[in-house]
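The active site, charge relay system annotation in TrEMBL covers 85, 146, 480. Feature annotation from TrEMBL assigns domain 'Inhibitor I9' to 10-56. Feature annotation from TrEMBL assigns domain 'Peptidase S8/S53' to 77-531. The domain 'Subtilisin-like protease fibronectin type-III' annotation in TrEMBL covers 587-683.
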């Protein structure tokens, strides 16, 4: 194929990588014109650029009701979790193999330029472009910290007395959700070039072949641009994993709270939003006039109550470097005059990542504020805090009134209880699904704010190179932290039900989720999906909704995939010609229901669903429906009788009415007195803006 495109210019080294183990594909350098020619070839499903993805950057398990002493099976030690991330720090106590036996016989993986043990049983790395930063380690060893944090959240050992300089020490230990499980590491993320699609696909290819049971990938695009399902590496890789019985858990992304700000929406993926736990950090500022204001950050520095001169970033532009006050007011890296800010606390009109600010040109500290949300407690390389816009204006007014005599200090953070938790963090990306609006995304929420877990001791806690604070455990936030919680919950279910399909595991997690508050999250299900994960209940859900490859094939036909390309994916004689292209999405057997409609237009829509009994052999389930009064939701039949495990029953959900609001939420619950199997229902209009109606 490459020869046909390049002709006499073809050389074998033009093929950078070939995927052969789990699916067919290759990586090569092409011009846009050549790529278009390749896309038109008969056996090509898709051609897409090697876009760069990014990482989506304990007490959390106890908070969701999943204690260390929970019921477990011996099978847990045979569960292998494939983690696609920035690598792992193998010397961490979280990854000791003390007490572990030999890896499961099914394991086919290996370790490249890395010494594995009986806990970390696989370690590979991928950098197809061959571009490395001086800080990159050419092995699966983690120089960033993110991958170690994710892996230990999933399957880290119980480590006593873990904390970040004493913070988050209340539970006295750090642990993963499935501490007996094995870890297979696939390093796809680098300091030099992020997490490339080509490397992601190579990792999926190997992980599927190696024999992992669950895949976790806390990675996604850097912009909220929806790609067709087969023009994105994560969607493609997870589809092939699904075909082999492997569920993929993926972070929703950190571009909220805007609607449709996720980057992966495929129905075979488990998509995770980030929820808070009952731990938060507050950092106070005291001004020279005695006023004390409360902000948000994780500040481990102690200025010992010493007052420092206060300066507004807009008054200290680095004009020699080409910056003016319109930029220096935001404190962008290199935008400040280091002579003017040295030894002072700087006022900044922005929320920037620690790596976007670094050491702030020699300043003592930073006070920043903006209209933007403030529930992402960053850890900066200098003493810092975020203030609400109102409080920030108070500080600014004080600094102006005092001219050159304004002073302030920043205190160490206080760890306090968040009584409103759980709610979805503002940074967590939202739905709805812009590709297929009638599929609800995200699927679930899981703890993703202020999570303590393992870290790479060569990576500063702020990830700023000049920061000298090096630790073995760090507290960070992001949907990247939510994803491994759900991965561990899926692995936990798998340890009880080794023969369950990915869709059955996903169904168990969704139908047992703890409902969350639409008052705290007005985007409702587009913020939290079915709700907060509940692993203990998910291991015994009563009923499950299953989906097989053929069902997804029908769905893909409805999405417009051509029969020829479909057969390349399925490697059989599947055809789209017999599929009713307007109906299959409503019949895709998901454990949730979403209906996209026009405001004020009367509608009738029928959804078909099938449940399988995995609870009591003999049981009778009756339906309960909750919905707003302007909707009429009927379920036929309204009672399901089961006489054996594995028996299936089908039903229809008829939704009628019209809405004059953006989002109307409800639920459908099958209840036999022991199990309550809940499915969220969302009816929404073309543009999800207030008002909302919830029940």
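Indices start at 1 and increase along the chain as displayed.
Note that Cβ sites are derived from N, Cα and C of the backbone, with glycine treated the same way.
TrEMBL entries are annotated by machine, without manual review.
The DSSP breakdown of the domain 'Subtilisin-like protease fibronectin type-III' (587-683), given as helix, strand and coil counts, is 1 helix, 60 strand, 36 coil. Distance between Cα atoms for residue 85 (active site, charge relay system) and residue 480 (active site, charge relay system): 10 Å, as a whole number. With the fewest other C-beta atoms within 10 Å around its C-beta, 146 stands out among the active-site residues 85, 146, 480. According to DSSP, the secondary structure content of the domain 'Inhibitor I9' (10-56) in residues is 11 helix, 13 strand, 23 coil. Across the structure, residue 480 (active site, charge relay system) and residue 146 (active site, charge relay system) place their CA atoms 8 angstrom apart. Here the domain 'Inhibitor I9' (10-56) has a mean pLDDT of 81 out of 100.
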